[in-house]
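First the structure, in the form of structure tokens, and then the observations on it.
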Amino acid sequence: MKALVKAKSEKGIWMQNVPEPSCGHNDVKIKIKKSAICGTDMHIYQWDKWAQSTIPVPMVVGHEYMGEIVEIGSEVNNLAIGDRVSGEGHIVCGHCRNCLGGKKHLCLNTVGVGVNRPGSFAEYLVIPAENVFKLPAHVSDDVASIFDPFGNAVHTALSFDMVGEDVLITGAGPIGIMAAAICRHAGARFVVVTDVNDYRLELAKNIATNITTVNVANSELKTAMQSLGMVEGFDVGLEMSGVGVALEQMMSNMINGGKIAILGIPPDKIQLDLAHVIFKGLTIKGIYGREMFETWYKMGMLVQSGVAIERVITHHFSIDDYQLAFETMASGQSGKVIMDWN
Ligand code: NAD
Ligand code: ZN
């Protein structure tokens, strides 16, 4: 089968012919229809320090997708050939303390599809049936293909009460943009999104009503807060840039007793002034992946109840134009980029 392979220890990704994966008793085999490019795939493409120390070469990468089941293992009885599906990319052990305690997203032995085991930039993907999410009919193929990052946004945005709250989102990447839509839907009063990239701030502004954007490279966050009439600071902060100065700016603009959820992953160690956390009595929660499978349930229902995330998808390419797709993603002048198989 055709697959995009991290075939060499250098920048790039290559289309190759690789053996089709085989389907075990508890697995399903999915024919991939759409693949989306994740920030993680960009780290692997650019071959940065993290990728060099994490990805065994050669490796079929990718983990954002939707497709159709073409084979099911003998022990699988809740899914059928022909089902439209996406899937959870974190494969968990099922027997560690957290798995047994119902916190599978915190499994001590998590293995990542397209990171530690073969991924979905391929004609076929095999995953455990437990990781499969059967798509409700109201979720379009395009939206389904970005359910993995949508799940990061849902998990982060629903960490704290949103009703009537003023929310700061640092980072208007695809996940920050989707989070803005979720916060508004969940009842936030003001949602302010910061970035240093005007293209992305424009996407954020248009994802839902009543979203304020601030380019922190040339405007003051405080000015935006004053013009909204905010006097005391943000109630909830969602850090979605992975940039230390953004987190610092967030902490210094929170209300006393405010709550922060951190999704963004800084590439290196960062320095923070913990005085903000202590004297303001801030609560800080780290977010990893998606809750299995409560976040997936919420995703399906949020789409049905009116959270519209299509507009974060800005580009479509045929899988054969994957080089152009990766370059578009690397340019910073895009939201989500989708590659179509067939
Ligand atoms: P992205 O890299 O596309 O977006 C990050 C955005 O932050 C960019 O638009 C960038 O311009 C912006 N930014 C840069 N400097 C800034 C500043 N000073 N203030 C505000 N914004 C600034 O990333 P994404 O795909 O949207 O993902 C968001 C973050 O979440 C990334 O750090 C990613 O690595 C991380 N992530 C974490 C998990 C997890 O499980 N914890 C899962 C997926 C992604
Ligand atoms: Zn486990």
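Numbering starts at 1 and runs along the chain as it is shown here.
Cβ atoms here come from the backbone N, Cα and C positions, even for glycine.
As the structure is a computational prediction, the values presented were derived from the model and not from experiment.
Taken verbatim from TrEMBL:
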DOMAIN    12-339  domain 'Enoyl reductase (ER)'
BINDING   C38, H63, E64  Zn(2+) 1 binding site
ACT_SITE  T40  active site, charge relay system
ACT_SITE  H43  active site, charge relay system
BINDING   C93, C96, C99, C107  Zn(2+) 2 binding site
BINDING   I175, D195, R200, L263, G264, I265, I287, Y288  NAD(+) binding site
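Here the features listed in TrEMBL are painted onto the structure.
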{"residue": "H63", "record": "Zn(2+) 1 binding site", "DSSP class": "coil"}
{"residue": "C93", "record": "Zn(2+) 2 binding site", "DSSP class": "coil"}
{"residue": "C99", "record": "Zn(2+) 2 binding site", "DSSP class": "helix"}
{"residue": "C107", "record": "Zn(2+) 2 binding site", "DSSP class": "coil"}
{"residue": "D195", "record": "NAD(+) binding site", "DSSP class": "strand"}
{"residue": "R200", "record": "NAD(+) binding site", "DSSP class": "helix"}
{"residue": "L263", "record": "NAD(+) binding site", "DSSP class": "coil"}
{"residue": "I287", "record": "NAD(+) binding site", "DSSP class": "coil"}
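Taking the C-alpha atom of C96 (Zn(2+) 2 binding site) as reference, the shortest distance to any of the recorded positions T40, H43, E64, I175, L263 belongs to L263. Taking C93, C99, C107, I287 as the candidate binding-site residues, the subset whose CB lies under 6 angstroms from any atom of ligand 2 consists of C93, C99, C107. I175, R200, L263, I265 are the recorded positions among T40, C93, I175, R200, L263, I265 whose C-beta comes within less than 6 Å of an atom of ligand 1, given in sequence order. Cβ environment of D195 (NAD(+) binding site): T170, G171, A172, G173, G176, L201, A204, T213, N215, V216, S241 lie under 8 Å away, each six or more residues apart in the same chain. Taking the C-alpha atom of I175 (NAD(+) binding site) as reference, the shortest distance to any of the recorded positions C38, T40, H43, E64, C93 belongs to C38.
Each residue contributes its Cα atom, and for Y288 (NAD(+) binding site) and C107 (Zn(2+) 2 binding site) those atoms are 11 Å apart.
Over all protein chains present, the Cβ of L263 (NAD(+) binding site) has 26 other Cβ atoms lying within 10 Å. Residue pair T40 (active site, charge relay system) / R200 (NAD(+) binding site) shows a Cα separation of 18 Å. Confidence for the domain 'Enoyl reductase (ER)' (12-339), expressed as mean pLDDT, is 97.
Between H63 (Zn(2+) 1 binding site) and H43 (active site, charge relay system), the C-alpha separation comes to 13 Å.
Sequence-distant neighbours of H43 (active site, charge relay system) (same chain, 6+ residues apart, CB-CB distance under 8 A): W50, A51. Sequence-ordered, the extra residues of this chain that approach the Zn(2+) 2 site, with Cβ no more than 8 Å from the Cβ center of C93, C96, C99, C107, are V92, G94, H95, R97, N98, L100, K104, L108, N109, T110. C99 (Zn(2+) 2 binding site) has a Cβ environment of 19 other Cβ atoms inside 10 Å. Counting other Cβ atoms within 10 Å of each Cβ, the binding-site residues H63, E64, G264 show the lowest value at G264. If you check the binding-site residues R200, L263, G264, I287 against C107 (Zn(2+) 2 binding site), none has a Cα inside 10 Å of its Cα.
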